[in-house]
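Q: Encoded as structure tokens, here's the structure I'll be asking about.
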């Protein structure tokens, strides 16, 4: 008996050594630290849930992937071209400016021209849609076959794909990409055929090169190698015996443009790489888009013509500006694309920082907040799937740091303890017996190269949908645990499985298990939520904010675990997606949405349309708030454009008719707090306590993924901190800056084990102890005294020659009104600096007095340095001469504070750009608030302070005098002689109140006679 006991003990030791706690004993599971994932599809435990919809979700993606032998390993999903891999041919794809579709007969090519686009309001449903037509301008076919058997993915890179249509030996390989106005076609066992429903107008015929227009005036070119001439001119079918052709979408019917496109028509793009860097010292994310081409004829250049989206050309690096083809423009669903030629171009964006939570700076009732925290312990998951459970653990991860701040350390550990229990369950694929579980596990599908969580939801398994949304919540929970327990987060413990989930939705290049950046489109700048994209409108994404939530959580997790490469990759994704959201979801610059489109947000962005509707209903709040939730320490980008925040809020309030929000009231309050926290507090206090303990069936006041505690904490913090200030950056990634009435607050969190000193771009610095927020506001000016004599007033004209430093410019006497000097001899890259410009309030525009006898250029307004934060820009035209002066206007986003302002000049290096005489900033409520233009003058009212306005009159011909006639609230008429300043006449009116109505007119002298204007009305 003793010998047998020894043998049994030895066997138990072997088992323990082979399968330590948390490791997998199943041959169908792979151990990762203390966790594991399944490699065999599990037998799903439905837990008594018989709903067919739920059961249908618990499957796998399609077994068949349409790809050639050239494409091996993990398969790219969630792309704009994804349907090519899962359809026998494909659904519509949107490689802007084209839309294309593979069919049995060939490739259908279409350009969704502006006249095809429609804005449709469904008033009964409460939805809006911006959509184009689905059609065919012509079909690219193969001379050797009338019908192909299938289309497959033959190759792909960061933004191009090669589709292969095949029927035995008859093959047609088609290379096309988003942002490419070319389609490259290569033939096997046959040659080119272009088929039209109506014969095209061939307006340029040069043998192997033709320019043609469709019956509805869309302009194209077709290129074959020299010596291979086109046939069938005048008919509905054009043919060419070449085994290679290129199709180009021309911006206009223009022979010179056709010649430019011919230069690159024989340079087939074989690779395209978006290579990015993050400069931690400056917060700059630089992305270089580069192509590698193969010459189809001798001498073809290694380059192409790109079509840039607004989010790209708005942030184009100065080194790439001279490559722009400004007149080469395409109008698409996302606004205007602009052409650029070359091998590469570069964009520069500014990373604004994220936080693990807001700090403990709110003026709140701490006992009340603690009560809300304890109330939240009664909350529970609203589902067993990766999304509903994800929302629950995301909620717990938000509550834990607030509990820490309130000194409720046991409660904070209770929240984190529950997070650990849930994650550790899900991160193990096997049960205590070593067998695969039937739920609460992750399974690796080798066919596609993806991790699938069960229970699944929203087609996260069957279509590979929403992985960044769902798994982002798991990473949020892990990041909060790691903030307090670094041991738990180590790879040999549970961190390895968290890293695996992250790799699934944002893997690096050359990952053995997963495709590169599964969810993200480097060229379009946004994520795509659908894995397969089998829709006629292409791929789509609804909750852009949950994408930003995912990138935020990876930044926090990577910073907590010391993974700098992962952190920087997430910063690239966060910063780039932010720029796309501002354009295509919010239209903060008011240049994307058509004028007839009513809402201030697009809820779902598609390749081929834009929807103001959700996937599940048409609730008014949901159509906005699905692109806000969940609020967290990375949500501060939502407040970067306060003018837009106010527009969106007011449009939502107007649509509902009151502040009695129909659902998710707390999300509206939290959004409102970005610009008007006092109003947000009033709304919150009026109804937050009408919500008792957690009730998932009642989301009118509190959305199920949030809590009263977080809502109360968030709004009170913003009431004390003020507005988010993105104009100041830091040399550390976990930070935020706020500005309240000109006083900045600097927030930093330090995940490391040592104290750090963080430098800000405005000269401020902060020391932060390990594993904590900073205490106090650090060193450096945060609230400069406006009375200091050396401060410059941006709302009065600043003479250009009164600079504090410059590079490259000279001064000369000016003929402009007022005399004095102007600056001139300005070339690309020159700049002037104006120190200590003090903005007492937001500025939204700048006026610059300019003259130019060349095509002009652009003036960038930056702070801190010539390459500092970009606040706005102004386009300068040819004015007709070096002393022919015009006033040009541009938009800026400047919050209160004191800055060193730089005017940086951009344009062609081949000539002098412009002269500048003066510039002036306009505050919100100035400039366009009340302005009237007449051939003789521009006149109106600009706001100055809370109780003052300036009435201005700018005559087009010099006036010897201007009088203003004024009535306030229909009172006695007052008459004043106005004061002339550099050709513009002004009169300040004081002691006004909100709601006052001003009626005013002018009498002015012009070349001897005097004239009187009509009366104008302005309401305060």
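Using N, Cα and C of the backbone, Cβ positions are placed for all residues, glycine too.
Keep in mind the model is a prediction, meaning the values are calculated, not measured.
So Swiss-Prot has the following annotated:
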REGION    28-251  region 'beta-sandwich subdomain'
REGION    252-350  region 'alpha/beta subdomain'
REGION    360-722  region '(alpha/beta)6 barrel subdomain'
BINDING   387, 391, 458, 466, 470, 530, 540, 542, 546, 699, 704, 812, 825, 853, 878, 912, 915  (1,3-beta-D-glucosyl)n binding site
ACT_SITE  466  active site
ACT_SITE  542  active site
ACT_SITE  546  active site
REGION    771-790  region 'Disordered'
DOMAIN    796-922  domain 'CBM6'
DOMAIN    928-1020  domain 'CBM56'
Q: Could you please provide the mean pLDDT value for the region 'beta-sandwich subdomain' (28-251)?
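A: A mean pLDDT of 96 is what the model gives the region 'beta-sandwich subdomain' (28-251).
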Q: Ten-angstrom check, please: count other Cβ atoms within 10 Å of the Cβ of residue 466 ((1,3-beta-D-glucosyl)n binding site), all chains counted.
A: 30
Q: Cβ neighbours within 10 Å, counted over all protein chains: which one of the binding-site residues 825, 912 has the most?
A: 912
Q: How big is the Cα-to-Cα gap, in Å, between residue 540 ((1,3-beta-D-glucosyl)n binding site) and residue 546 (active site)?
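A: With the alpha carbons as reference points, the distance is 14 Å.
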Q: For residue 387 ((1,3-beta-D-glucosyl)n binding site), write down the residues of its own chain that are at least 6 apart in sequence and whose Cβ falls under 8 Å from its Cβ; none is a fine answer.
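A: Result: 457, 458, 460, 466, 469, 470, 473.
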Q: Measure from the CA atom of residue 699 ((1,3-beta-D-glucosyl)n binding site) to the CA atom of residue 546 (active site) and give the result in Å, rounded to a whole number.
A: 19
Q: Where residue 542 (active site) and residue 825 ((1,3-beta-D-glucosyl)n binding site) are concerned, what is their Cα separation in Å, rounded?
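A: Cα to Cα, residue 542 (active site) and residue 825 ((1,3-beta-D-glucosyl)n binding site) are separated by 49 Å.
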Q: Other than its own, how many Cβ atoms are within 10 Å of the Cβ belonging to residue 699 ((1,3-beta-D-glucosyl)n binding site)?
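A: Result for residue 699 ((1,3-beta-D-glucosyl)n binding site): 20 other Cβ atoms within 10 Å.
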Q: Please count the residues of the domain 'CBM56' (928-1020) that DSSP assigns to helix (H, G, I), strand (E, B) and coil.
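A: Going through the domain 'CBM56' (928-1020) residue by residue, I get 2 helix, 58 strand, 33 coil.
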Q: Taking DSSP three-state, what's residue 542 (active site) in: helix, strand or coil?
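A: In the DSSP reduction, residue 542 (active site) maps to coil.
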Q: Inside 10 Å of the Cβ of residue 540 ((1,3-beta-D-glucosyl)n binding site), count up the other Cβ atoms and send me the figure.
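A: Summing over all protein chains shown, residue 540 ((1,3-beta-D-glucosyl)n binding site) has 19 other Cβ atoms within 10 Å.
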